[in-house]
Amino acid sequence: MKTFAPFSKIHSPFRVSSNGFCLIFPYHIKKLNYFPSPLLEDKMAPRLDFSDWWAKDTRKGTPVVVKMENPNYSVVEIEGPDSAFRPEERTRGRKNAKQVTWVLLLKAHRAVGCLTWLATVFWSLLGSIKKRLSFTHPLGSERLGRDRWLFSAIKLFLALSLLILAFETVAYLRGCHYFENHIPTSTLEIQSLLHLVYVGWLGFRADYIAPLIKSLSKFCIVLFLIQSVDRLILCLGCFWIKYKKIKPRFDEEPYDAEGCGYVYPMVLVQIPMCNEREVYEQSISAVCQLDWPKDRILVQVLDDSNDESIQQLIKAEVAKWSQKGVNIIYRHRLVRTGYKAGNLKSAMSCDYVEAYEFVAIFDADFQPNPDFLKLTVPHFKDNPELGLVQARWTFVNKDENLLTRLQNINLCFHFEVEQQVSGVFLNFFGFNGTAGVWRIKALEESGGWLERTTVEDMDIAVRAHLHGWKFIYLNDVKVLCEVPESYEAYKKQQHRWHSGPMQLFRLCLGSILTSKIAIWKKANLILLFFLLRKLILPFYSFTLFCIILPLTMFVPEAELPVWVICYIPVFMSFLNLLPSPKSFPFIVPYLLFENTMSVTKFNAMVSGLFQLGSSYEWVVTKKAGRSSESDLLSITEKETLDKKSQLLRGVSDSELLELNQLEEQKQKKPVKKTNKIFHKELALAFLLLTAAVRSLLAAQGVHFYFLLFQGVTFLLVGLDLIGEQMS
């Protein structure tokens, strides 16, 4: 009797001897794989003879001998009694030499391709660095000035890191790294002077350095978690607003120009500018086309330019629109004191301003839509406590380069999440300085524009909030503008935006504590608005990721957990990207770039808090003058021809000569500056890369990759290889 059926009942193992016998033992199971036999066409070999084994009691451990006619077999484990007849398991686990060779060749090919790509990227990076260093003018580097203290501190950390890295590398090669987990207690274990010094260093860092770093890192981690919770709450508030479709509303026709109902209120529109050659024309053009009765609107062009050629260009643009019937005035200050705040304060002191109820403010690069006033001013009707209506910014050049894309992520979160949530639930947020409409009475009761800080917009917003005025934020009313395209311009803008709030906090803390507003509003102003979002955020971001993290590579006793440097930052970056979902491919560059910008924000925060010299620095952000509409150029050409035909009628020869000079000045392109080198970013790049090399000795995977990529990011930013590349 020759059958395969009894295999389903086998509960014992077998062993196959060289003579073709199979010994079966109790309580275990193996199987035979059957291969096609060349001698038998339709039958399987080997064959088993089970004629006598079934009657034996295998439970007692009696071995059973099965004779095999043709021992052509292989032995494979069986997990259960029925698995012997599963065809998919018959050939599992068998690989011949040719298959293994092909697999190894495929893996080797992939590895070579990866190494080639890395080598290409590294070689391109070195080429860019060499080109930047060779073509950068000696005067094209960053001027440190009174901010040299931070650069000196970073250089000190870098020098110590290089010294420790060199010492530990030598000790590692000499075998001293075996003392990392066991510090010798007897002199017999110490083999040389190097071992003695290394053991002393291990004890010193474990007893004195590690406790300090641990304490500071725990403090920063707590601040990090608090700020993360605040960010999460803001996102939940934004989701709630979208789910409930909450937004400010007003009557469809609140004003009546014919006199049957409420008449259009008097609106003053101000355009402060200073040497804005690239954008003055499109800004004035957009404001002069606002849809509002011409007898109830006045446009003030507040020019602080010190370049006479730019002054003449702006005067000509104002004259053009004045001839078209627009109520527009050109104002120029001889003495530019107080920067933008002084300019606005001077304009509000005019006698004719008393006839106006509201004032709309637009910076020189902003281009409001014609219906802007009809979407914002009606919110003031029947709402006497409302002092400000703020519109959202959108950016015409957000896709120009990587720097503008990363800025768009930050600003989208600021407008759609931070300001919208604060406006809906608190009726307060910081005025953005432009694209907003103020009730003039609220400005006057709050003390008007003050020149004490470089953030005059935030200053007036805080004082108005302390006087009980409410704010409204309109997320669906958008005004086109520009973001800086070069890292130099962006860095100067961020320095002003982060030093000014600390100046303001020092100046208005007493007023907040003594004001008559509710206690929870005071707590929101001090703890959330100023401390958490303006002071704590740049402090822990710079201290934790740019100082503590590289130091822990040299002090492993204070190593940061992976969730601090990886999981939570990635999750926070994910939340920041929610308002701009098209930017999700840039989540890694965004995370690295935000850590890179922390050095600028930390420096600005300290400068403003302790009144250092650079805290009062005001530099006008450089604009590119990009159009908001595809047909703007054709419209401009048509208007230029009309302007020439009108102005040339009845003009004298001297006036004609002046007009020709203005046209030449318009066509004259300003010479671009060269890219600069930023010392603090470069010093931090070398510090992080040094720490990355040290992490290789300790085989710290996540820490190494984070330090490597963060160091490369600092290097690219320090060499100004991000953003606009100037010739």
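Cβ atoms here come from the backbone N, Cα and C positions, even for glycine.
Copied over from TrEMBL, here are the features:
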type	residues	note
DOMAIN	359-554	domain 'Glycosyltransferase 2-like'
TRANSMEM	111-129	transmembrane segment
TRANSMEM	149-173	transmembrane segment
TRANSMEM	185-204	transmembrane segment
TRANSMEM	216-241	transmembrane segment
TRANSMEM	525-554	transmembrane segment
TRANSMEM	560-578	transmembrane segment
TRANSMEM	677-697	transmembrane segment
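Ranking 149-173, 216-241, 525-554, 677-697 by CB pairs under 8 A with the transmembrane segment (560-578) puts 216-241 at the top. Packing against the transmembrane segment (525-554) from elsewhere in the chain are residues 157, 161, 164-165, 168, 205, 213, 216-217, 220-221, 223-224, 226-227, 230, 418, 430, 462, 465, 498, 501-502, 505, 509, 512, 560, 564-565, 594-595, 598-599, 601-602, 604-605, 609, 684, 687-688, 690-692, 694-695, 698, 700, 703, 706-707, 710: each is 6 or more residues past its ends and has a CB under 8 Å from a CB in it. Beyond the transmembrane segment (216-241), the same-chain residues lying 6 or more positions past its ends with a Cβ under 8 Å from any Cβ of the stretch are 247, 416-418, 420-421, 424-425, 528, 532-533, 536-537, 539-540, 543-544, 548, 552, 558, 560, 564, 568, 571-572, 575-576, 578-579.
The average pLDDT for the domain 'Glycosyltransferase 2-like' (359-554) in the predicted structure is 95.
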